[in-house]
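A short worksheet on the structure shown next.
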Amino acid sequence: MDIESRIELIKKKPTEELLTEENLRHLLEVGIPMQHYIGFEISGYIHLGTGLMAGAKIADLQKAGVKTRVFLADWHSWINDKLGGDLDVIQKVALTYFKEGMKQSIKVMGGDPDKVEFVLASEILEKGDYWQTVIDISKNVTLSRVMRSITIMGRQMGEAIDFAKLIYPMMQVADIFYQGVTIAHAGMDQRKAHVIAIEVAQKLRYHPLEWNGEKLKPVALHHHLLLGLQEPPVWPIESEEQFKELKTQMKMSKSKPYSAVFIHDSPEEIRQKLRKAFCPAREVKYNPVLDWAEYIIFREEPTEFTIHRPAKFGGDVTYTTFEELKKDFAEGKLHPLDLKNAVAEYLIELLKPVRDYFEKHPEPLELMREIKITR
């Protein structure tokens with residue numbers, strides 16, 4: 001596959017930002033082995049924003065000839081007080097529920113989970129020279145910059161935090177260089193750590209990204225964050241600027257179960273959640289149901305997406321592009337309830353292999369339920 005075709009695959013939906021395309025082209029031209037990584041905190045159930053968005057991008061990267069890796073960030077989860085801040089529990093969940101859930105998510109989005117390397121953070125953090133890399137990076141970053149970066153943990157600037165949380169952003173940057181990563185992948189909310197990685201890349205003495213004597217910068221790939229199904233905290237949203245401010249509160253969240261569909265939700269749970277979803281008629285800009293349609297159903301275009309309706313409401317209608325669907329919805333030709341029902345049925349079908357897997361292997365899910373009850 002030629003370089004331009006590989007770049008197109010890497011840029012494909014759900015990619016929202018590539019820092020930078022020029023640098024990606026340079027890495028492909030110099031011939032460095034391409035190594036991807038995406039790191040996850042281990043917390044609650046896997047929702048579609050985690051499983052399907054990351055799974056879709058991993059599938060694209062594999063097609064583009066990139067080695068893919070999922071980094072199970074157990075220490076980072078401990079620092080960020082996930083699962084009660086119990087490292088043993090975090091590690092147990094990482095290697096059972098989370099690993100298997102991500103494998104199934106990658107599979108339903110067209111990737112090969114057997115070609116994904118799963119790495120537990122402690123496997124590399126326990127090596128002495130990892131911390132050398134953390135210090136090397138830290139010497140090139142100001143304290144105020146680190147303070148501004150804590151938003152990558154879902155924390156607010158100015159929030160009272162313990163000191164361990166200030167080490168977290170530097171660890172996240174070190175993870176990239178220590179693993180020889182050329183493509184650092186995450187949701188848009190992790191952008192600040194990746195920008196630091198790009199900026200310090202050519203200043204590092206320990207574990208820089210090097211090829212044939214040249215110090216290289218990693219590429220940062222940020223995928224779209226699916227909107228949560230809940231109504232935004234402010235409505236109507238008057239401007240793109242206001243939307244940017246509200247975006248983190250509008251994304252799908254494990255802590256708000258009705259804002260998210262989890263990869264193993266039952267058909268009835270999926271229908272119920274979509275039925276309750278915020279989906280104002282004719283509103284195409286900040287509409288979570290349309291957002292899901294664009295990034296999950298119409299990721300590949302053309303496709304066939306049929307909405308079943310009684311004849312008295314116009315009968316069945318099939319869309320092959322997202323633009324067609326959006327146009328009809330904006331003009332009021334498509335009722336919100338019909339859209340919600342169709343998206344729900346699509347997801348039920350798409351996620352069937354994941355449900356089947358967890359029905360045959362219930363232990364990981366039982367472990368998660370047990371943990372949620374005891375916490």
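Cβ from N, Cα, C; glycine included.
A TrEMBL annotation is a machine prediction, not a hand-curated record.
When secondary structure is read from DSSP and collapsed to three states, D175 (L-tyrosine binding site) falls in the helix class. Neighbour list (D175 (L-tyrosine binding site), Cβ cut-off 8 Å, at least 6 residues apart, same chain): Y37, G39, F71, A73, A121, I124, V181. Feature annotation from TrEMBL assigns L-tyrosine binding site to Y37, Y168, Q172, D175, Q190.
If you look up TrEMBL, you'll see 251-255 marked as motif ''KMSKS' region'. Across the motif ''KMSKS' region' (251-255), mean pLDDT in this model comes to 74.
The annotation ATP binding site is assigned in TrEMBL to K254. The secondary structure of K254 (ATP binding site), as reduced to three states from DSSP, is coil rather than helix or strand. Cβ contacts within 10 Å of K254 (ATP binding site), excluding its own Cβ and spanning all protein chains shown: 15.
For the motif ''KMSKS' region' (251-255), the list of distant contacts is 43-45, 47-49, 189, 225-229: same-chain residues at least six beyond its ends, Cβ to Cβ under 8 Å. Site extent for L-tyrosine: among the recorded binding residues Y37, Y168, Q172, D175, Q190, the largest C-alpha separation is 17 Å. In the structure shown, across all protein chains, Q172 is the one of the binding-site residues Q172, Q190 with the greatest number of other Cβ atoms within 10 Å.
A gap of 21 Å separates the Cα atoms of Y168 (L-tyrosine binding site) and K254 (ATP binding site).
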